[in-house]
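Inspection log for the structure reproduced underneath, given as structure tokens.
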Amino acid sequence: MKFLDVHSHKQKSSSDTIVIRNEYPFTADTTDWFSVGIHPWYLEDWNEQWNTLVNVAEHPNCVAIGECGLDKNISESLELQKIIFEKHIELSESLKKPLIIHCVKSYSELISCKKKFRPRQMWILHGFNKNQSVCDMLLREGIYLSFGKELLTNEKLQNVFKTIPQGSYFFETDNSDIDISEIYHKARELKGEIKIFTEKLFYSID
């Protein structure tokens, strides 16, 4: 079985690992599997970014849209963030590609968007590291959770992970240099067995 790294800024695919590289519109490397989106931290010239993104997102190696989302820790207005995030939702639906989401202190707004659009494509919240109540709230709305290196050392997060149904989670390296296999091994240690339904998401990946 190949490992799936659902969100990475640094890693590359290998013989035993499928990596979904996070790319930005103006600098996207399309030679391997990737996702593309406008991060809420980088909304300057977003109209120009968007025009490029739409074209890049149609590339056959683009298997997901994002990362994109909502972040209350930054100075950019949440209203503008929501406008741009909703455009990503629409693109995800039109291209039939999953959405990879960055969300900071904006879970109620995220769920409101989910209810508004009732998307058919899978939503994956990357870098999940919150408590049980947030986890349960997101799972109830059908949002999948992706766990990164914090799963290796955060005991509270490990306890949350143990409660998550099989097939409702993914793993990622994000911006770290660790090998994704370390996170898989920890997950197996915590759950005994793990199930990642890669084919349901990225059916174009061999």
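First residue shown is number 1, and so on along the chain.
Glycine is no exception: its Cβ is also placed from the backbone N, Cα and C atoms.
Feature annotations, reproduced from TrEMBL:
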- Glu67, Asp174: divalent metal cation 1 binding site (BINDING)
- His102, His126: divalent metal cation 2 binding site (BINDING)
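Look at the Cβ of each of the binding-site residues Glu67, Asp174 and count the other Cβ atoms within 10 Å; the largest number goes with Glu67.
Remark: of the binding-site residues His102, His126, the most isolated position is His102 (fewest other Cβ atoms within 10 Å of its Cβ). Taking the Cα atom of each, His126 (divalent metal cation 2 binding site) and Asp174 (divalent metal cation 1 binding site) are about 8 angstrom apart. Glu67 (divalent metal cation 1 binding site) sits 6 Å from His102 (divalent metal cation 2 binding site), taking the CA atoms of both as reference points.
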